[in-house]
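Heads up: the structure comes next, in structure tokens.
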Amino acid sequence: MTSEITTPAELQKMDPVFGQLSFDNHEQIVFCNDKDTGLKAIIGIHNTVMGPALGGTRMWKYNNEWEALNDVLRLSRGMTYKSAITGLNLGGGKAVIIGDAKADKTPEMITRFGQFVDSLSGKYITAEDVGTTTEDMDRIHEVTNYVTGISEAKGGSGNPSPVTAYGVYMGMKAAAKYQFGSDSLGGKKILVQGTGHVGETLISHLTKEGAEVFVSDIHQDKMESMVAKYGAKIFTGADLYAADVDIYSPCALGATINDETIYKIKAKVIAGAANNQLAVESVHGQILRERGIAYAPDFLINAGGIINVYAEIVKYSKEEAIRRTENIYNTTLEIFNFADTNNITTQQAAMQIAQNRIDERKKENANK
Ligand code: NAD
């Protein structure tokens, strides 16, 4: 969530929007301002070739507007590839609201934001993200239909985290199949970093299958609860990244695979829910490949959440959402094979397949 690319001062010397380094031919960027409610938001529509641009609204205390713009550009682009690789008829979009969700958010502000979403007539569809909740989506739903992630009580798909966790579990099994020759996780030593909404459900799947699960979290009580509920073990080593485990599952923060950690990692598989796990995709993806570590691309295996909310658009059942999420297993195996055949990283393989789908659809759309 920080501007890792350049400083605001440097950015200002460039074209302020289209010259942003995270700008990647985004179709539309909408700046939303409302004096009365204090709303300052940016909606980024990266690409709508595959369908309406769907992506969550993040509310975050950005240090400055450049950081917010950079974030929305980067995140909306990520959504384009996530939906394309998952086979959903959705484009990529995302929104950011500048402010502290705990201190600054008001119902009026969220309603006003919903009106801005509505003004785009369905080109952008919103959902929850960091700093926004199901309750916020219900409120937005009062002023627009272009919202997903509303509560089950109001006809929505409810909490996406269990479905996300199931997809990560499927991706992890596929990565294990590729790396170890069997997709059984029984007896495997697995380190789960982050025992939040996704991490906990993942841990429950893993322990049920007989894996030896180690957990790490900044909150001691959460780790203790994983021990009590699932028989997980708290990781007590000095360095998490040097842990002697078979599988490392980042389920907390992004960019944990970076210059400092990458040569320490002993795990032979990396598969987790966190977004943007590779600090620098091209560099760290390549080093993992050279080190023989099977990396399941995050944006592919954490797509259960978007599969879950997609049900609100195309009206399928929870069972269908689970079935589609299960398919992450097959897609992950395809990605590993495609990467080997083309001698590229799994991240590059997933991006390339997603881009091919978008290019094909663009041709079909042009011929209609
Ligand atoms: P969450 O906030 O419920 O859980 C995150 C957990 O990580 C918390 O328990 C927190 O204490 C812990 N944590 C924070 N910093 C840590 C650190 N340095 N070391 C160890 N633990 C730390 O979030 P979540 O919904 O479980 O999502 C987890 C990750 O997956 C996030 O990166 C999120 O963006 C991504 N993701 C989630 C979904 C979803 O459906 N919830 C979908 C796609 C991607």
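Residue numbering: from 1, along the chain as shown.
Glycine residues also receive a Cβ, built from the backbone N, Cα and C atoms like all the rest.
Quick look at what TrEMBL annotates:
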type     : residues                           : note
ACT_SITE : K94                                : active site, proton donor/acceptor
BINDING  : G194, T195, G196, H197, V198, G199 : NAD(+) binding site
Task: Tell me, if you would, which residue among G194, G196, G199 (binding-site residues) has the fewest other CB atoms within 10 Å in the structure shown?
output: G196
Task: Work out how many Å separate V198 (NAD(+) binding site) and the residue listed as 'active site, proton donor/acceptor' at their Cα atoms, rounded off.
output: 21
Integer Å distance between the CA atoms belonging to G194 (NAD(+) binding site) and K94 (active site, proton donor/acceptor): 24
- request: Could you name the residues, excluding G194, T195, G196, H197, V198, G199, of the same chain that surround the NAD(+) site, i.e. Cβ within 8 Å of the Cβ centre of those residues, in sequence order?
  value: S161, V192, E200, L202, D217, C251, A252, A273
For T195 (NAD(+) binding site), nearby residues of its own chain (Cβ under 8 Å, 6 or more apart in sequence): I203, V215, S216, D217, H219, K222, M223, S225, M226, C251
Statement: According to DSSP, T195 (NAD(+) binding site) sits in coil
Query: Can you count the other CB atoms that lie within 10 A of the CB of H197 (NAD(+) binding site)?
result: 17
Query: Looking only at Cβ atoms, how many others are within 10 Å of the one on K94 (active site, proton donor/acceptor)?
result: 29
